[in-house]
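Enquirer: Can you keep this structure in mind? I'll have questions shortly.
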There are 2 protein chains.
Amino acid sequence: MAKVKKQPRPKAVTPKGFRDYFGAEVSDRAEMLTRIAGVYHRYGFDALESSGVETVEALGKFLPDVDRPNEGVFAWQDEDDAWVALRYDLTAPLARVYAQHRNDLPLPYRRYAMGPVWRNEKPGPGRYRQFYQCDADTVGAASVAADAEICAMLSDVLEVVGIPRGDYIVRVNNRKVLNGVLECMGLSDDGQRDAVLRTIDKFDKVGEAGVRELLGKGRLDASGAYIDGVGLTDAQAEPVLAFLTSKGADASETLAQLRDAIGDSAVGAEGVAELEQIADLLAAQGYGPDRIVIDPSVVRGLGYYTGPVFEAELTFEILDEKGRKRQFGSVAGGGRYDDLVKRFTGQEVPATGVSIGVDRLLAALREKGRIETHETGPVVVTVMDRDRMADYQAMVAELRAAGIRAEVYLGNPKNFGNQLKYADKRNSPVAVIEGGDEKAQGIVQIKDLILGKQIAENATLEEWKERPSQYEVARGDLVAKVREILEQQ
Amino acid sequence: MAKVKKQPRPKAVTPKGFRDYFGAEVSDRAEMLTRIAGVYHRYGFDALESSGVETVEALGKFLPDVDRPNEGVFAWQDEDDAWVALRYDLTAPLARVYAQHRNDLPLPYRRYAMGPVWRNEKPGPGRYRQFYQCDADTVGAASVAADAEICAMLSDVLEVVGIPRGDYIVRVNNRKVLNGVLECMGLSDDGQRDAVLRTIDKFDKVGEAGVRELLGKGRLDASGAYIDGVGLTDAQAEPVLAFLTSKGADASETLAQLRDAIGDSAVGAEGVAELEQIADLLAAQGYGPDRIVIDPSVVRGLGYYTGPVFEAELTFEILDEKGRKRQFGSVAGGGRYDDLVKRFTGQEVPATGVSIGVDRLLAALREKGRIETHETGPVVVTVMDRDRMADYQAMVAELRAAGIRAEVYLGNPKNFGNQLKYADKRNSPVAVIEGGDEKAQGIVQIKDLILGKQIAENATLEEWKERPSQYEVARGDLVAKVREILEQQ
């Protein structure tokens, strides 16, 4: 008889660039998103959940990050040979949704959205192909009051999730001011304008001196490679640098310096006026420069947005992978974009919004000790007598009814050591034990596992004797004693 | 000069079989899932979020619904030509995750997962290609205590989300009992066994008489087509029908009838003993037959699961699309399956779990009036003077600080009627008006829009005069008055 060829076993692996999230990683994120949604909702924003799949045609290519190595999406053909793809952000779907449902939606339309997005990019350390975004946008409001509102809301969001005032700053810039600067420089050549925009984008990395070199002849970068410059003279480059470094001691000083930088450009003046209005609106609501500040050095997305641009930065210091202190940095960004819906309808629809980097904000909260990195596990009721499972189930039912997370050990109960090892792996705070003797006496043994661990690690023999970590209580006092221990932990 | 060909505009449409969810549709689901997660967590289950994308190899073909028209997934090749696909459920990823991370996970491993899944099936009314699932499973626990726990938890979940006791029933069956029945029928032929299993699966649709015909010669179905039968004699078919209809007045009567149906089959006896243990465990925790009942007529998934099978049904009546009364029906199902992880590791790992039909449960809650179908919108502060936007923003800031959902009208304020139309479209409860006169007098006008609408619809002129729906209050009393109106609505 011919031997049947054995099917090889499938490999149990995530596809490249994807990962799984366990326990507190999931619930902490859910909790944070719920809080953010609460703020968005209180500001009058409505939830929207579009599908993960869009037509490739509707998605278009509208990513703000021009430097990305690969603009790829995950795409395939449906049964009618039409190309569909996983969404790469939440903004492109918003534009499609707004164009599709505009007759049924209020105008202006404030919406928030949160969920996974997918990018077909080369994965790297901490860089995954699926990650969460959490956006709020206002479609159909031309007034900068809409931009100011987004900034105020962003500030509220950061405080509500647990970033204290003083540990963050929302910085606001305006693309129109930059346009004014370029206009008064007399850069009529689109290629040169784009080159200047691309150079400005590197301000965060290379600083003032670096941008000066890159606008001029060029620059030797850290790797030793020579980067060609835009070819402006020092005098020509000056207004751009004046713009980038025009942040003054207060808003009026910054605005005055910006007015100098834009010369007599009309669009520049419009941009400065918008920044002034935003500052005034925010001041009237009590959002001072300790929370939101006009800062022309914000360049992220300046090439993409069409008006005000905002970025939320966390200002406390962390140690980087090399042990050097650095500021935590950006956790959210956004701005005004007026042409997304136009792609579909031909009509220009003003829109402004913000996107929060969910994973970075979560990392920041862990850094600040605002969320525990290790979740406390459930109370574990051990199984001493497998025929009395009903008794043990009744115990956990009582504990749960009192709001206490609890479970019965459901593995093979034969080896009691395995049960305590399991409780340890679950990070359980308390174990409950009721063998035959205890049952006969109407009592239960309750082990404080956290205290037990501390004692085992640190205590002298005397302390160990004085501080018992195991208690014998009447069965009827089970819930009360467990609660008492949990409250002390 | 050649005319540049204009790029056609993209169509603003969702791909076929996908849809968008707006406002309360999203937040009600989120709220329901949060409540369910709370119950799962209290039972000691840990959250797991695997990625939406899996290797096709890891997904395999393990769908419980054998009747699906198309087993398709959405799949594509990655950059290494390996096939990957969107997950079609949350169970196949659990098997992969458990096999991949088993050295780091506790044993038993209780996990819950909630999120979208995708199926490449023909869309139809109410049948989408992306929908939510919400699962809880215990991996590595062979004891039926794990199955009983899932049933108890399912019962708690239904009550916590708002299905009152009496309006649902969790029914429990056991595949082993059916195996015992088949064994004592002497069906040695695998083909005939499978045919009997497939026939039983139609019990819900065709009832006892239908199954009897289908097990025998065959049956004329509703469309007039003749369906060939399995070809058993009436006597041969009898044990199957005895099994399906063996539910008695109480658990002991049901169990006695099942013992009759399985004859001297060992696996059958094992199955009956398991059902008895489940009933005993649940009774000890206070889950009586008003909540969870042994019921051999549960056939859904009986061909897929290997031990206990459960199904939650809502028993209250609704009107179907033709206006006929019918029971709401199934909202969750699950059971024990012991070979999912084996695919990866070669080791058989016992597992049991439940999957909640999120959309059906939401529909049920709407049906019961447990969640509002129309969300109340935000308080709308109108803009009478566009230069005083800061004043209006200060008002909404005060309202929000008091926990009241509020927004400023951000459209073009020129036409006041548009502002009220907007408030109406948002389903706003209250509008706030402060023109120049009001400002000068230090007052604001507050319109009760809900009362206003009621009066406009129903009231006589006298009533209309007596019940003002607009109030003039001091600016300082804005928040207090709005709160008062909201509380009365």
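Using N, Cα and C of the backbone, Cβ positions are placed for all residues, glycine too.
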Enquirer: Report the candidate from A:Arg102, A:Arg119, A:Arg291, A:Arg324 that shares the L-histidine site with A:Asp89, A:Leu90, A:Thr91, A:Gln133, A:Asp137, A:Arg300, A:Tyr304, A:Tyr305, as recorded in TrEMBL.
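Expert: TrEMBL lists A:Asp89, A:Leu90, A:Thr91, A:Gln133, A:Asp137, A:Arg300, A:Tyr304, A:Tyr305 binding L-histidine, and from A:Arg102, A:Arg119, A:Arg291, A:Arg324 it also lists A:Arg119.
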Enquirer: In three-state terms from DSSP, label A:Arg300 (L-histidine binding site) for me.
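Expert: Going by the DSSP assignment, A:Arg300 (L-histidine binding site) belongs to neither helix nor strand, so it counts as coil.
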Enquirer: Rank the binding-site residues A:Thr91, A:Gln133 by how many other Cβ atoms lie within 10 Å of each Cβ and give me the one with the fewest.
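Expert: Result for the binding-site residues A:Thr91, A:Gln133: minimum number of other Cβ atoms within 10 Å at A:Gln133.
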Enquirer: Within 10 Å of the Cβ of A:Asp89 (L-histidine binding site), how many other Cβ atoms can be counted across all chains shown?
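Expert: So the number of other Cβ atoms within 10 Å of A:Asp89 (L-histidine binding site) is 19.
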Enquirer: Measure the Cβ-based neighbour count of A:Tyr305 (L-histidine binding site), defined as the other Cβ atoms within 10 Å of its Cβ.
Expert: 22
Enquirer: Where does A:Thr91 (L-histidine binding site) sit by DSSP, helix, strand or coil?
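Expert: In the DSSP reduction, A:Thr91 (L-histidine binding site) maps to helix.
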Enquirer: For A:Arg300 (L-histidine binding site), what is the tally of other C-beta atoms lying within 10 angstroms of its C-beta?
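Expert: Other Cβ atoms found within 10 Å: 21.
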Enquirer: DSSP three-state call for A:Tyr305 (L-histidine binding site): helix, strand or coil?
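Expert: The residue in question, A:Tyr305 (L-histidine binding site), is coil (DSSP, three-state).
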